[in-house]
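Enquirer: Dropping the structure in here first, questions after.
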Amino acid sequence: MKSSKRIFAWHHWCGLIVGFFLLVMSTSGAILVFSEEIEEVADHAWAKVDNPAGTFAYDASFKAVREKYPEWEIRIYPQHGPNRAIIYDLRKKEQRKKIFAHPLNGQILHISDNAHKAFERQVLLLHYTWFAGTPGKVFVFLIGVLFLVSLVTGLYVYRKAIIKTFSFKVRINRRTARSFHSSLHRVVGVWSLAFNLLIVATGLALSGKIALTALKGTKASAAEQENTVVSIDKNKNFIDKNFSQFEIHLIRSRPGSSSVQFSGRYLDDPFYYGNYNSNFTLNGATQEVEKKQVLRQLPLGERLLAFSSPLHFGAYGGIWTKVLYCLLGLTPGLLSITGFVLWRRKAKSHPKPLKGNFSAARESAISSKIF
């Protein structure tokens, strides 16, 4: 009995400690589910061009961007369709720029010099680092560990209610306000348990990798002395022709390199493989395949880590999947705080008796109320 009460207390104290932080992280995570939609709204004024045919070419605008920003990594997220500009995402350490170019004549339409200050970027930094750099990344990982402890102890605390809830044998108790809130907390907690376990497991995998990378520090890669302007169009056509089952979602050109990386997915990949975990690196001048990574051929550990991002952010379904992720994503922080409040109210309504007068019958009665 003592161990059960101790686990019950651990469950609620861990929930309180992480409650505030989880509330912020779950809220920011719920927003990030719609990051693509938010970004599209923010870019709408510059992303729309007069190109009803939807044809495009990269080379003219890419050459201009590379010559103007030789020390920046260039990323292109292909946005096929009519009346869409080519958007170049430039990165240099923590700095971000966005360049909008006409898809046919290569004319630079707009340069956003402070893309790193964009709303969705700030929400992402809050979610992963709390604006605290490397210490923040480690802190987020530790909060995730405490959240996992809270979930595991919750499994033990509500072990008898889980099966009953899943079999629809548990109803919301409306007799009193306290019983209503307590039963609602328990039912919502059980139904969101599987989702929250998924989120905390994938979140720990991602934040652990980020924190470890930050602690190790990034090593400067040996780059060529000058950039070799490559043909994005020729290399993309090579991929399309020779790997017809491969769908390109990201094109990367690193500073000081003539290589081009095409990341994407195969058409028969399962949904949880994501859009960026398989890739080809080509020699920009000769179209020779320098490196190839196929997610399904990687070791199990690397594949599981690759699954973490799409499963964590819901980046595999349509708008209704995102809505579901958004709503369920708000439950961790709310459940942590409301659970602690309910527990403290129950503790105050059952004052601890004097030492030596706590009979076995009394202990059994409280046990039955808890479980």
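Cβ coordinates are placed from backbone N, Cα and C, and glycine is handled just like the others.
As annotated in TrEMBL:
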TRANSMEM  12-34  transmembrane segment
TRANSMEM  138-158  transmembrane segment
TRANSMEM  184-206  transmembrane segment
TRANSMEM  319-343  transmembrane segment
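Give me the structural setting of these features: burial, nearby parts and distances.
Expert: Residues 29, 141, 144-145, 147-148, 151, 154-155, 158, 161-162, 165-166, 170, 172, 304-305, 307-309, 311-312, 328-329, 331-332, 335, 338-339, 342 of the same chain lie 6 or more positions beyond the ends of the transmembrane segment (184-206) yet place their CB under 8 Å from a CB of it.
A Cβ distance under 8 Å defines the sequence-distant neighbours of the transmembrane segment (319-343), meaning residues of its chain 6+ beyond its ends; these are 8, 11-13, 15-16, 18-27, 29-30, 33-34, 147, 150, 178, 181-182, 185, 188-189, 192, 195-196, 199-200, 313.
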